[in-house]
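Enquirer: What Swiss-Prot records for 64, 93 is heme b binding site. Taken from Swiss-Prot, the feature domain 'Globin' covers 3-147. Annotated phosphoserine per Swiss-Prot: 51, in sequence order, evidence recorded as similarity to another entry.
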């Protein structure tokens, strides 16, 4: 279980209020699909994923990216109980979708890159450490059903 300090919670909550969910979610998922092309197999109903520009401009990628990033909002509201907050999503990804749990870590790392790009100098090492702890905690929570 991941434990957050009050300072880490404050850092994440403050910065989360500045995140454009639509833009950041679509970019993070799009980058995941481009950088790790084997993840595309989970999105075969998304249409054209044949190139980087096709992926980044794909409305289904953007919509699902928004949905994924919205779930990070739930994580921020439930930082003290990530496992409980993601129990149903863990079950869905394990039992129905059969997603390799390593992909959750990959998405978290891609999200950190996107946040760093968007926030620039505001994304200090302290901020990165707090976000890294959150995305790692979410990945662990999503992988919980696999154990």
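Each residue's number is its place along the chain shown, starting with 1.
Keep in mind that glycine also has a Cβ here, set from the backbone N, Cα and C atoms.
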Enquirer: About how far apart, in whole Å, are the alpha carbons (Cα) of the residue listed as 'phosphoserine' and residue 64 (heme b binding site)?
Expert: 18
Enquirer: Which Cβ among the recorded positions (51, 64) has the fewest C-beta neighbours inside 10 Å?
Expert: 51
Enquirer: On the 0 to 100 pLDDT scale, where does the domain 'Globin' (3-147) sit on average?
Expert: 88
Enquirer: With DSSP as the reference, give the number of residues of the domain 'Globin' (3-147) in helix, strand and coil.
Expert: 117 helix, 0 strand, 28 coil
